[in-house]
Amino acid sequence: MNTSIPYQQNPYNPRGSSNVIQCYRCGDTCKGEVVRVHNNHFHIRCFTCQVCGCGLAQSGFFFKNQEYICTQDYQQLYGTRCDSCRDFITGEVISALGRTYHPKCFVCSLCRKPFPIGDKVTFSGKECVCQTCSQSMASSKPIKIRGPSHCAGCKEEIKHGQSLLALDKQWHVSCFKCQTCSVILTGEYISKDGVPYCESDYHAQFGIKCETCDRYISGRVLEAGGKHYHPTCARCVRCHQMFTEGEEMYLTGSEVWHPICKQAARAEKKLKHRRTSETSISPPGSSIGSPNRVICAKVDNEILNYKDLAALPKVKSIYEVQRPDLISYEPHSRYMSDEMLERCGYGESLGTLSPYSQDIYENLDLRQRRASSPGYIDSPTYSRQGMSPTFSRSPHHYYRSGPESGRSSPYHSQLDVRSSTPTSYQAPKHFHIPAGDSNIYRKPPIYKRHGDLSTATKSKTSEDISQTSKYSPIYSPDPYYASESEYWTYHGSPKVPRARRFSSGGEEDDFDRSMHKLQSGIGRLILKEEMKARSSSYADPWTPPRSSTSSREALHTAGYEMSLNGSPRSHYLADSDPLISKSASLPAYRRNGLHRTPSADLFHYDSMNAVNWGMREYKIYPYELLLVTTRGRNRLPKDVDRTRLERHLSQEEFYQVFGMTISEFDRLALWKRNELKKQARLF
């Protein structure tokens, strides 16, 4: 009797037979070795992992969701890691406080011993401590054991739902609000004394504003001098760069500076103040060193220009003009040119003009000759100082180069017509300005006739005339070197070498004739004052009155100085010249358009020596004694020329200070020399 065995259909092979064992995976008939798992049979080749396909017949496996999976794939998909060693747990597992451990990993964090069965476990954060170790722990605060939490806002227990951890407290999400406006804080917040605030309410009550942008500061703040700035708003007012952390900064009012920028600004301010003080009494448009600038002086707290200052008596202008070596200048070319030309018409040479006035004169003379003479050619043959070509036919002007000044000074004299070579060139008559009623000095110059032999011999000796006729019409003497015919040597007193230049014999006659031509009583009075001042002897303000008979050296101006390169100088014996008795008491014709102070103009006569008319020996001093301090020049030696401090340096020290020789220095323009002297603190 056959009994039927109940058959369960294979899901892989629904067709089945009760007499044949079929594979659970592929459904084919199983022959030979088979694997039986839970009453299911498999071919050995068919019993593989459902994920990676590896064979499971010789290794362990897991069955989950009707799938056979190897150990590695099961751990990656469904495995549990140990909370201590972070490895997958297979076999026994210990769960405590929602965490799982290997039995060997569940030990005390302090003594590293396994927990006894049934013992209490103290959990503090990430550490599990046994009861023995928890009692021996020294702590000022009791260890919080995880348990029921209370909201810091409503003080109720947080039983379920999401909690918020802020300010080291737990809150209900709906309880974490701004203390002022009660807005739920879901984003950024600012706390003060453990109380949360929204950003706007915190700034309104406790906020700090930036001094630059006037906005509230959130985050990093830069504090300096009790003021607060955003790090990006605190910038140097000079270089506009931000300050790095810990960098030093200067605070001036509402401005911040880098230390280097502050020092540079102070230096620029001093330089600007210095330039402003020099041009404080000059009108707009004038510039320092310009050839069109005229000396202005301060007398009795009043600013006087050249025109007004020239009308003062010389004694008043000498002793009451304040600091003539530092007074400013202003352009007044119209009056300057007229008065200077009139002074030349009265017989004075440009050696009497100041360095600034001579520059104006030379530029004016150059423009007049260009405009009046169509045959004038501006070529390198002619000197840059405005010296016209020397022709023997020109009886009105010829130029005598200064000893060392680097520029040519016109010397007015009358030449003998018969000693000149005939030529077609006729020099134009210069310096003729029509007279005006407003200025008593505007009188036309007195020109002598060409054929007047007597007047020609008065103004120039025959040797001088013969020497000047040696120059060819296309060659002019070098303005930087003096010709040998202009000086006569002598053996004078052994004390101090003295020298003088011959003056034109007709100058005093011209002055007398101009005196008679003046119809105005004021003009005659002013000219008498000048004649009286010229005929009087001035006292040296730097020498005591009792030493008036001692030998004194006259202070020197820009035109004539002692040679340093050995060029010949004129020496004349006082006892052998009858003209000295007549003119020794008069001040020399020096280069001074204004009546400057005695520091630059007074010349003295000593009966034991010859008269010094524009030449002197400079006493050598160290460079440190000649430096000009900020509080004035009261510390300088008394016998120095304050307008030419560089002349008191030795040749070696002069080269060290200026980087050039004295002759090279004299060839520079006046403004350039003054700038170099300012840089060397000798001005």
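Numbers run from 1 along the shown chain.
Each residue, glycine too, has its Cβ placed from N, Cα and C.
Candidates Ser383, Ser401, Ser462, Ser504 were compared with Swiss-Prot; the annotation phosphoserine appears at Ser504.
Residue with Swiss-Prot feature phosphoserine, selected from Ser394, Ser476, Ser493: Ser493. Per Swiss-Prot, the residue from the list Ser372, Ser514, Ser570 bearing the note phosphoserine is Ser372. What Swiss-Prot records as phosphotyrosine, among Tyr7, Tyr329, Tyr376, Tyr572, is residue Tyr376. Over the domain 'HP' (615-683) the predicted model carries a mean pLDDT of 85. The DSSP breakdown of the domain 'LIM zinc-binding 2' (80-140), given as helix, strand and coil counts, is 6 helix, 18 strand, 37 coil.
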